[in-house]
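According to TrEMBL, the feature adenosylcob(III)alamin binding site maps to B:Ser12, B:Asp13, B:Ala14, B:His15, B:Val16, B:Ser60, B:Ser61, B:Leu62, B:Asn91, B:Leu92, B:Ala93, B:Val94, B:Gly95. Residues or ranges marked as domain 'B12-binding' by TrEMBL: B:2-135.
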Amino acid sequence: MLRDELIPSDELRRIDESVRTNWPTGSAIEFEEAIEFHESLPPESAFATVLESADRPLLQPRAGVPLLEDQIELLQHLHASGGADLLPTTIDSYTRDNEYEKAAEGLAEARETGEATLNGFPAVNHGVEGCRELIRAIDAPVEVRHGTPDARLLAAITFAGGFQSFEGGPISYNIPYTKEHDLAETIEHWQFVDRLAGAYTERGVRINREPFGPLTGTLVPPAIAIAVMLLEGQLAATQGVRSLTLGYGQVGNLVQDVAALRSLRSLGEEYLPDEVTVTTVFHEWMGGFPPDEARANGVIGLGGATAAIARPDKVITKSPQEFQGVPTKEANAAGLRTTRQLIDMMIEQDVRLDGVERERELIEAATRDLIEAVEAAGDGDVAQGTITAFESGALDVPFAPSDSAQGAVLPARDDDGRVRIFEFGDLAVSDEIKEIHRNRLDARAETEGRDQSFRMVADDVDAISDGRLIGRPTEGD
Amino acid sequence: MPKTVILGVIGSDAHVVGITILEQALQAAGFDVVNLGVQSSQAEFVEAARREDASAVLVSSLYGHAEQDCQGFHEKIAEADLDVLTYIGGNLAVGQDDFEQTRRRFRELGFDRVFDSETDPEEAIAALRRDLQIAPTEPETVPVRG
């Protein structure tokens with residue numbers, strides 16, 4: 001039975017060998033030689049050290065194109081013209097589905113036609129040497145960002161290829177991303193990824209791991225996001241990960257976002273073992289963007305202002321072209337600069353917000369309820385507890401497409417634009433917390449002269465792209 | 001008796017928000033809803049429609065590959081000898097096509113109604129009520145269609 005226990009070394013070797021034979025480029029992986037490669041890199045490439053020693057929020061965009069030389073050029077542009085402190089390499093969708101054959105075809109077509117036939121960088125197909133060429137060409141730390149439920153080969157190749165940070169986790173890259181991937185199997189696959197990161201860590205190459213905080217990116221109540229971060233953090237720490245960056249996606253209410261980021265950090269430090277260095281990452285708004293670059297810049301600006309007050313260790317920026325999909329490199333760099341401008345203007349101001357402490361108490365009480373429910377469900381084992389709690393709905397994510405989750409929870413904003421829970425399903429939070437959420441939503445319903453209903457949920461999902469925060473009824477409704 | 005409606009996102013698409021909202025809206029409007037969820041195949045839609053003796057099949061797609069995903073769908077429905085309404089809605093074409101053109105294309109594929117991504121649930125529900133001849137206030141007194 002799956003347990004939250006360290007994978008023994010002989011088992012690690014066995015899985016590692018079977019994973020490496022999945023695809024021809026896997027055979028180029030050699031652990032000792034990979035350690036030497038990491039040791040040969042300059043200090044500015046050391047992801048964990050750069051992030052953990054920063055004295056202001058570091059900025060990182062999203063970016064990935066199929067060809068190696070284009071990816072290098074793109075990252076150099078974002079570094080030089082956008083002022084990105086940390087760089088990404090976003091992986092294409094075929095690789096995320098372990099369809100390396102299709103990724104190979106897309107890559108060949110991209111080479112032939114010069115078109116972006118893949119929506120990211122197929123790192124498995126580029127192989128260890130391709131990854132190293134990228135890492136050597138960029139004088140900043142680079143993270144692998146993806147969305148892969150079974151990322152074992154991707155991790156083995158990119159770690160050997162010199163990447164020192166890896167996004168994702170068994171819950172955050174399963175529940176929001178796929179329908180049929182079994183949660184227990186995904187946890188097992190990520191135990192291997194984390195164990196491999198742990199093996200590098202033991203040898204002095206600290207691989208930074210970053211659970212994906214925004215989850216479904218659609219009005220996720222902070223307590224749910226934070227609970228998932230703590231669980232994935234615990235699972236990773238068991239396998240020897242020592243640098244963990246916990247994530248949270250902007251909901252757009254300043255007080256709630258600041259409170260959530262502070263809770264994320266303090267609960268992370270409390271729940272994760274002392275030997276783990278906990279950092280936090282704030283994702284600028286992940287929901288629908290306004291179809292207008294000027295208004296999109298407003299959304300990005302609010303993200304920057306929030307970061308200046310809450311001071312996460314890292315901010316993942318958005319571009320003003322978010323509405324249209326993949327942005328040009330210029331627009332991507334612009335999103336970085338807009339964010340930097342807001343942070344640098346505001347970070348030395350002493351801004352006090354009313355209500356942050358009260359909101360923190362609410363978030364932390366609900367998060368503790370959820371974690372306790374998971375621990376109880378697994379009889380003290382986090383891996384078992386996570387599976388059982390998602391099955392029963394004790395832990396749940398709004399709009400989760402996965403069959404492993406109930407997906408019964410529905411969020412809605414309250415009269416102040418904070419994300420509350422409208423439908424709890426079987427979510428394991430106390431009656432007292434449910435009552436508070438209900439009262440807040442009642443207050444909104446009263447203001448709007450309508451009953452609480454799914455209609456509010458639907459209106460809230462569209463509100464920011466429509467130019468507002470709260471999905472109030474408009475004339476004619 | 002309440003009418004049964006099959007709901008799902010077709011193909012490899014994982015966009016779940018729209019059908020979640022639609023499911024809630026349809027239930028509130030008195031329909032029996034079978035939500036197949038995301039990443040559902042044509043065969044799953046047809047099988048569910050047959051099993052549930054459904055009155056309508058509502059297909060959602062947001063990632064731009066709807067046309068490929070729906071090729072042959074209505075032939076399968078005909079083979080199974082089902083008498084169901086079929087609606088499709090979402091971002092049905094990659095890029096910025098003229099929606100009237102998109103609507104025509106999907107009508108030709110066999111869909112009874114085609115909706116864009118800005119459609120409110122109420123609009124689809126009103127269309128269902130018209131097409132199934134359901135009076136909004138008294139769903140139980142409705143004559144059986146066909």
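Using the three backbone atoms N, Cα and C, a Cβ is placed for every residue, glycine included.
With respect to Cβ neighbours within 10 Å, the binding-site residues B:Ser12, B:Ser61, B:Asn91 differ, and B:Ser12 shows the lowest count.
Under 8 Å, Cβ to Cβ, and six or more positions away along its own chain, B:Ala14 (adenosylcob(III)alamin binding site) finds B:Val38, B:Gln39.
Cβ neighbour density within 10 Å is lowest for B:Ala93 among the binding-site residues B:Val16, B:Ala93. Classification of B:Asn91 (adenosylcob(III)alamin binding site) by DSSP places it in coil, neither helical nor stranded. Proximity to chain A (Cβ-Cβ under 8 A) holds for B:Ala14, B:Val16 out of the binding-site residues B:Ala14, B:Val16, B:Ser61, B:Asn91, B:Ala93. Broken down with DSSP, the domain 'B12-binding' (B:2-135) shows 57 helix, 28 strand, 49 coil. Across the residues of the domain 'B12-binding' (B:2-135), the predicted structure has a mean pLDDT of 92.
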